[in-house]
Amino acid sequence: MSALRLRNANTPAPELDEFSDQTPSDSRVLKRQMSMSQRAMSNTLTSAANLSNLLPTGTLLAFQLLTPVFTSNGVCDHATRFLTAVLLTLLAASCFVSSFTDSVKADDGIIYFGFVTFKGMWVVDYPDPSGLGLPDLAKYRMRVVDWIHATLSVLVFGAVALRDKYITDCFCPSPEAETKHVLDIVPVGVGVMCSLLFMVFPARRHGIGYLVTGSVDRR
């Protein structure tokens with residue numbers, strides 16, 4: 001017993017840190033709030049990153065490759081700013097037009113691509129002009145949902161472009177605090193709204209630049 005008392009007496013008392021005045025319940029609430037905010041931020045960034053899945057692969061690849069070249073890594077003059085605006089316009093037009101393309105599987109097992117029309121589908125690379133061996137192309141005619149997808153694709157591309165550092169540095173090299181706040185909020189808001197609308201109006205076409213999975217005869 002005397003040895004135990006001597007060891008306890010020689011053991012230094014634990015020092016109180018600067019957060020010792022916080023109760024365990026306060027610490028749990030703080031950790032819970034931090035975890036919720038981190039989870040919300042992670043979900044926001046994930047939804048923004050998944051926007052690229054709604055765009056044609058070729059258009060997105062061209063945007064990622066050509067943006068640093070056209071903007072001179074974000075340092076633009078009048079000429080490069082004009083050329084960058086032309087590039088963004090062409091890429092946005094590509095997203096719009098790609099929404100009116102689709103693919104069809106012929107009797108030979110090969111998948112062919114074409115443009116949808118009000119009467120059906122125009123297959124551009126099919127070797128037989130008569131269309132022998134193709135399914136009923138009237139099922140692939142243009143619908144109202146195609147115009148919705150085309151508009152949403154352009155908006156999604158705009159949101160992705162506004163989140164690009166080279167683009168923002170080119171057109172807004174020294175933004176004010178309010179402008180920077182808008183540039184941070186608007187693309188995420190547009191992206192989330194477009195993602196929800198794509199869920200309400202799901203895409204059923206597998207056009208040029210989009211991944212073709214499963215059977216393309218889906219109508």
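Every residue gets a Cβ built from N, Cα and C, even glycine.
What TrEMBL records for 1-27 is region 'Disordered'.
Summarising the annotation, TrEMBL assigns transmembrane segment to 40-66 (among others).
According to TrEMBL, the feature transmembrane segment maps to 78-97 (among others). Beyond its flanks by at least six residues, the transmembrane segment (78-97) meets 55-56, 58-59, 62-63, 66-67, 70-72, 150-151, 153-154, 156-158, 161, 167, 170-171, 209 of its own chain at Cβ-Cβ distances under 8 Å.
Listed as Cβ neighbours of the transmembrane segment (144-162) (distance under 8 Å, sequence separation of 6 or more from its ends, same chain) are residues 48, 51-52, 54-56, 59-60, 63, 88, 91-92, 95-100, 116, 168, 183, 186-188, 190-191, 194, 197-198, 201, 203, 205. Residues or ranges marked as transmembrane segment in TrEMBL: 144-162 (among others).
The transmembrane segment annotation in TrEMBL covers 182-201 (among others).
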